[in-house]
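A.B. asks: If you look up TrEMBL, you'll see 1-402 marked as domain 'Major facilitator superfamily (MFS) profile'. Taken from TrEMBL, the feature transmembrane segment applies to 29-49, 56-75, 81-104, 116-136, 148-167, 206-235, 247-270, 282-303, 309-330, 342-367, 379-398.
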Amino acid sequence: MKDDFSKTIDDGNGTLKSIYDYSPTEKKYILWAVAFGTMVGTFPINFLYVRYGARIPFFSAGVLSAVTTALTPWAAGQSMWIFVALRFMQGVAYSADFAAIGIVISKWAPLNETAIFIATLTSFTSIASIITNGVSGLICDSALGWKWSFYLHAGACLFVFTIWVLIYKDDPTFHTCVSVRELGKIQKNKSEAHIKDGMKVPYKEIFTSPVVLTVWLCAFTELSTLILIATYAPIYFRSVLKFDIKIIGFYLGIMTAIHLPFRFVCAFLSDKMSCISEIAKIHIFNTLAVGFVGISFIVFGYIPAEHNISAVVCLAILECFISFNSGGFYKCGTLHSRQFASTVISAIQFTKCISLFSGPALVAFFVSDESSQTQWSHVFMTLAGCSFFANILSFIFFTDKPATWTEDGSVVKYSKKEEDVKF
């Protein structure tokens, strides 16, 4: 964007610069606006999901995302505060994602396929990053220019959300494509309270549950790790590990993509392994996703520059360990909160927003010299310590059983369409 000189301003020294060439402070506001919007929108949008289901609220969020994305080139040429306000609205739209994941899993996922649903639905960030970065790079280098990157993404957004509103139903019972047998599989071992709509959300019980709080802590430590890697890995690779800047993007791209197939393998194992109990699987997968990530971070922080390829391998292994999260804290939170999974999982997105601030704050506190591996190791050690603490708490509080506040005393049902079908 900064190479677009169609609109220019005086930089104060008599030199013209692009109006799209933002200062570090302005970039900070532009990035933070999305995080603030997501934080503000998380709980109101979750309330809309509880009241009206996911179909219309999620479609509305998609339309908002498409409109604000299409208006971004215009807003970027206006005042900074108009641009920041638009970015804030993009954050509000983004806050709908995790709550939608929770409600889709609650309504549509069989209990014995929870991890597979989680792995599939939460992979959107990595897949979107790979597609968006590649497509945007091609568009920006073409005759179309950077503005068309926003226009085409806005069009694609509107297209996929139109498909959503046409195909998705909040209750699989009333979906014409769901057979009696499929419905029975979806509802098997779910209580009547889990299946039916209209239950009042027990916010107090959710927000004071040791299980749920531990799930959120595990999610926070893991998301802090991911955001730190996404934000500062290029700087660390260049300043400490002495990589050529031309190949940093290549290595980071590999690490972004490598965990995707591994993620689905982990989810399949979590759901289909029958040789150990469900709670044992949750503990094993969570330890790999949280505790072993902390160990990998410590090792990564002490690999010297002369062994920089080993550091790349270590970071790739760390990304693979994170892939176990669908069978760890995500699965625990979903199985424990059942029909209220949208509230629990949407709060994970809230912790992601906090991570956008805590990660940079941690770096600012410890790192004054970006070439000092010792200073960076303090950041890694702090995050590793948080991971170990969260992992220890998970052994104390995690369970695969539904919370008492998810039940109303009704019997288990298998199918609303045909009560006498045997499976």
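Positions of Cβ are set from backbone N, Cα and C atoms, glycine also.
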A.B. asks: Looking only at residues six or more beyond either end of the transmembrane segment (116-136), which have a C-beta under 8 A from one in the stretch?
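C.D. replies: 97, 101, 104-105, 108-109, 146, 149, 152-153, 253, 256-257, 259-260, 263-264, 266-268, 271, 323, 325-326, 330-331, 334.
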A.B. asks: Among 29-49, 81-104, 282-303, 309-330, which stretch has the highest count of C-beta pairs below 8 Å with the transmembrane segment (206-235)?
C.D. replies: 309-330
A.B. asks: Mean pLDDT for the domain 'Major facilitator superfamily (MFS) profile' (1-402), as a whole number?
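C.D. replies: Here the predicted model's pLDDT, averaged over the domain 'Major facilitator superfamily (MFS) profile' (1-402), is 87.
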A.B. asks: The transmembrane segment (342-367) vs the transmembrane segment (81-104): three or more C-beta pairs under 8 Å (separation of 6 or more)?
C.D. replies: yes
A.B. asks: Within the same chain, where does the transmembrane segment (29-49) have neighbours whose Cβ lies under 8 angstroms from its own Cβ atoms, ignoring anything closer than 6 residues to its ends? I mean 6 or more beyond.
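C.D. replies: Beyond its ends, the transmembrane segment (29-49) has Cβ neighbours at 22, 57-58, 61, 80, 83-85, 87-96, 98-100, 103, 342-343, 346-347, 349-350, 352-354, 356-357.
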A.B. asks: Is it true that the transmembrane segment (282-303) and the transmembrane segment (309-330) have 3 or more Cβ pairs under 8 Å, skipping pairs fewer than 6 apart in sequence?
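C.D. replies: Stretch pair touches.
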